[in-house]
Amino acid sequence: MVPNKHLLLIILSFSTACGQTTPTTAVEKNKTQAIYQEYFKYRVCSASTTGELFRFDLDRTCPSTEDKVHKEGILLVYKKNIVPYIFKVRRYKKITTSVRIFNGWTREGVAITNKWELSRAVPKYEIDIMDKTYQCHNCMQIEVNGMLNSYYDRDGNNKTVDLKPVDGLTGAITRYISQPKVFADPGWLWGTYRTRTTVNCEIVDMFARSADPYTYFVTALGDTVEVSPFCDVDNSCPNATDVLSVQIDLNHTVVDYGNRATSQQHKKRIFAHTLDYSVSWEAVNKSASVCSMVFWKSFQRAIQTEHDLTYHFIANEITAGFSTVKEPLANFTSDYNCLMTHINTTLEDKIARVNNTHTPNGTAEYYQTEGGMILVWQPLIAIELEEAMLEATTSPVTPSAPTSSSRSKRAIRSIRDVSAGSENNVFLSQIQYAYDKLRQSINNVLEELAITWCREQVRQTMVWYEIAKINPTSVMTAIYGKPVSRKALGDVISVTECINVDQSSVSIHKSLKTENNDICYSRPPVTFKFVNSSQLFKGQLGARNEILLSESLVENCHQNAETFFTAKNETYHFKNYVHVETLPVNNISTLDTFLALNLTFIENIDFKAVELYSSGERKLANVFDLETMFREYNYYAQSISGLRKDFDNSQRNNRDRIIQDFSEILADLGSIGKVIVNVASGAFSLFGGIVTGILNFIKNPLGGMFTFLLIGAVIILVILLVRRTNNMSQAPIRMIYPDVEKSKSTVTPMEPETIKQILLGMHNMQQEAYKKKEEQRAARPSIFRQAAETFLRKRSGYKQISTEDKIV
C-alpha cells in the first residue's frame, strides 16, 4: 500500500493535439478553449425519445474505380437557400377605441364597464401625408352593417395631428402614434354611463420575411400579407377585391423622422391594403435581392471519377461524396445569374492559390445532385503535364514555328509536319506512349487515393458504431464537439441537447453518507437551480460535470474508502465518505492516450458530422419571428396608459353588488338567511330584468321613437290638465257652465246671501246622501261573508227569493 502523501493520481486525457508535430494557430487555440469550457459547465442531460434520430451508415460501399477516368480540380458546392428574404416594410392603420364609463357616487366608484376596439386601413391620400409630414387626421369612418359611422378623437372635431415616436423594446421595430392615451373621462352626472372615443393613427417600421417561392410575407408583428414582395416584377399583384387591394406608386416620397426637412426619397413603392391595415415596401429587383441557392463549401482539391452513368466527386476535407448525372445543367448562367459573381470570384481566388503547380483545364462545369445541390466543377491540370502535352503536339522539324503560338496553331502545324515523313510519326508515337503511361500512372495514384479515402471513412464509421454500443453518450459528444445526451432506440440513437444549470447555484455536498449507516453514495450529492428559477433541486454529480437527476447511485459503505471526483477545475478528495480536501486538477498527472505520428506531410482525416445548414440558418428559415413578436406586443400593450379601472372593479358598481352585500349580512342566519337572500335576489333580478327589457326596448330604433312620442303625449296631457286645473280654481262656475256669461243681458243675478243659502243647502243635501250610502255600505256584509253564507245556503238546499212579482 502506497502512503497517501505519495499517492500518484493519473487522470485520462482525450486530447486531440499532436504535440509539436502540428502547430496550433491562435484561432485553433481559442476554439479548443471554448470547447474545454463548454465541457466543464454543470449541466442536466435527459434522454428524451423526442430528440433527433441518427444512425450510422454501415451500407456505404466504395465504388470500383478501376479503369475509370479521374480528374482533379476545384469543387464549389451550393445548397438550397432556406433563409427567407428579409426586407423593410411600413404598416399604417387607424385604431378607434370606444370605452363605456360608469360614474359612481364616489371617486372610487368610477369604472370602465366595456371596451370596443376597431382598426382600419389608411387611404392612399392620407398615407402620402403621413410619409411626408408625419401627420394624420384624427377621425375615421367605418361602415358597419351598411351604415357609415364617424369617429372623432376625444369626441371632438376633425383635426390634423402630429405623429410621435414611441419607445420600443427591440431596435428592429419603430412605432409612431398620434394618441398615446385612451380617453376615459366619466360624465358629470352621477349614476350615468358615458361612451368615450379615442382615434389613434399608427405607423410601424419593421422587417418582414418571405420564403421561397415568395408568394406571401410575414411582418415582425405577425401580420401575414398574401402578396409577393416582387409582384411588380412578375405581374402577380392581385386586383382590388374585398379582402386585398394593391397599388404601385412609381414616385412615392418617404422621409426620415429625424430629418424631415432634408431626407426626401422618391422611389418606387408597393402598397397593399387590407381591411385592418395598409402596408408598403420598396419595390426592388428580384434577381438582385434573392437567390434560390446559397454557397455552402469549397474544396481546393477534389477528385472527379467518371462512371458509366454518373460522376462521383470526393474531397479530403469532408467525409461525404456527391453523385451527379453526366449531363451538365443547361442555361445555368441565365437561371442562376445571382450566383455567377460569387462563382467567378471564388474560382479566381482558388486558381490563384495553385497557380504555381496547376492551370485550368477548360471552363467551369455545372452539375446538380439528386438532393438538389449545385456543384461547380473547375478541372485542373498540372503545369508539367500540360507542358509535356504541348511539346508532344509540337513538331521538332519545323524551325519556322514560333514558340509563342497558341496550342491550337501548334497542333495544326504538327499535323502537317507529321504527314511529311515516317520519322516524325515514330517520334510522335513515342511521345504519345510516354504521355499515356504518365496519364495512367497519375490516374492510378488518384484511384488509390480515392479508394483509400473512402475505405478510411467506412472503417471510421464502423469503429464509431461499435464504440457507440459501449458508451453512446461519449461517442455522440465526441462527434458533436459538445455535451449531448443519447438514448438507444433499437438500431437508432436519439440525441438531445444538455441544459446548462445556474453555475453559481451548484453546491457539492461534503458527505457521501446516507441516513442508513450501511449505505453510502457512490457519487457526491449536489443541489442546484435551473436558470431563471428559484426552486432547489437535488441530484448527484456525474462524469465530466453532468448532474444526474436522481440519488440512486449508492453502494455498501467500506472502511477506509478513498475516492476522488473532478468538477470543473477542481478535484474533491473524500476519505471514509467525508470530504477531506480540494485539489486543483493541474496537480494530478494526466495519462495521454494519444499516439502522435511525427509526419508533417500526412494530413489527418477527421470524422465530422456534415452540417448542411447552420443553427443560424435554421433559426432564420421560419418566417415567423415569434420572440420579437411577443416581446414587442407585450411591451406595447403595457405601455399604453389611460385605462384606470379594470372590469373586475366595474362589477362592484352594478346591481349585483347590493345582493352580495346583503348575502354577506345574512350569511350567519343559516337556511333562513338563504331563503331571504334567494327571495331578495329573485326580486332584484325580476326588477332588473324588467328595467333591462325597458332599456333594450328604448335602444331599439322603433321602440325609441315610440317612447319619445309617448313622452311627448304625456307632457302635452300634463300641460292641458294643469291649465284646466288653473281655470277650475279661477272660475269653477264658468268651467261647469261655459254659457253662463252669455246670459248677463237677459238674466238678473240673485243676491249674494241668497246664493250662499242655495249653495249651503246643496252642500247639506249632498252630505246627507253621502252618509246614507256609507251606512248602507257598512251594514252590507263583506264579500267573504257573502260567499260563505251563499255556500252554506246552497249546501242546505236554500234558494234565493225573487224580489220581483211574476205577472201571470
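Cβ coordinates are placed from backbone N, Cα and C, and glycine is handled just like the others.
Here Swiss-Prot flags 1-19 as signal peptide, drawing on sequence analysis. Per Swiss-Prot, topological domain 'Virion surface' is recorded for 20-701, and the stated evidence type is sequence analysis. Among the features that Swiss-Prot reports, N-linked glycosylation site is placed at Asn30, Asn158, Asn239, Asn251, Asn285, Asn331, Asn344, Asn355, Asn361, Asn532, Asn587, Asn598 (among others), with the record citing sequence analysis. What Swiss-Prot records for Cys45-Cys498, Cys62-Cys454, Cys136-Cys201, Cys291-Cys338, Cys520-Cys557 is disulfide bond. Per Swiss-Prot, the feature region 'Involved in fusion and/or binding to host membrane' maps to 101-107, 187-195; the stated evidence is sequence analysis. As annotated by Swiss-Prot, region 'Hydrophobic membrane proximal region' applies to 647-699, 658-698. Residues or ranges marked as transmembrane segment in Swiss-Prot (evidence: sequence analysis): 702-722. Annotated topological domain 'Intravirion' per Swiss-Prot: 723-808, in sequence order.
Note on Cys454 (disulfide bond): other Cβ atoms within 10 Å of its Cβ, all shown chains, come to 19. It is 31 Å from the Cα atom of Cys291 (disulfide bond) to that of Asn355 (N-linked glycosylation site). All protein chains included, Asn285 (N-linked glycosylation site) registers 9 other Cβ atoms within 10 Å of its own Cβ. Its own atom aside, the Cβ of Asn355 (N-linked glycosylation site) has 11 Cβ atoms within 10 angstroms in the protein chains shown.
Long-range C-beta contacts of Cys136 (disulfide bond), restricted to its own chain and to partners at least six residues apart, with a cutoff below 8 Å, comprise Lys94, Val122, Glu126, Ile129, Met130, Thr160, Val161, Leu163, Ser178, Cys201. DSSP assigns Asn361 (N-linked glycosylation site) to coil in the three-state reduction, placing it in neither a helix nor a strand. The separation of Asn344 (N-linked glycosylation site) from Asn251 (N-linked glycosylation site), Cα to Cα, is 36 Å. All protein chains considered, the CB of Asn587 (N-linked glycosylation site) has 8 other CB atoms within 10 Å. Among the listed disulfide-bonded residues, namely Cys45, Cys201, Cys291, Cys557, the Cβ with the most fellow Cβ atoms inside 10 Å is that of Cys201. Taking Cα separation as the measure, Asn344 (N-linked glycosylation site) is nearest to Cys338 of the disulfide-bonded residues Cys338, Cys498, Cys557. The least crowded of the disulfide-bonded residues Cys338, Cys498, Cys520, judged by other CB atoms within 10 A of its own CB, is Cys338. Look at the topological domain 'Intravirion' (723-808): DSSP puts its residues at 59 helix, 0 strand, 27 coil. In the three-state DSSP assignment, the secondary structure recorded for Cys454 (disulfide bond) is helix. Here the glycosylation sites are Asn158, Asn251, and the one whose Cβ sees the fewest other Cβ atoms within 10 Å is Asn251.
Residues belonging to the topological domain 'Virion surface' (20-701) score a mean pLDDT of 76 in the model. Of all the recorded positions in the list Asn331, Asn355, Asn532, Cys557, the shortest Cα-Cα distance to Asn587 (N-linked glycosylation site) is found for Cys557. Cα of Asn331 (N-linked glycosylation site) to Cα of Cys338 (disulfide bond): a span of 13 Å. Counting residues of the region 'Involved in fusion and/or binding to host membrane' (187-195) by DSSP class, helix then strand then coil, yields 0 helix, 3 strand, 6 coil.
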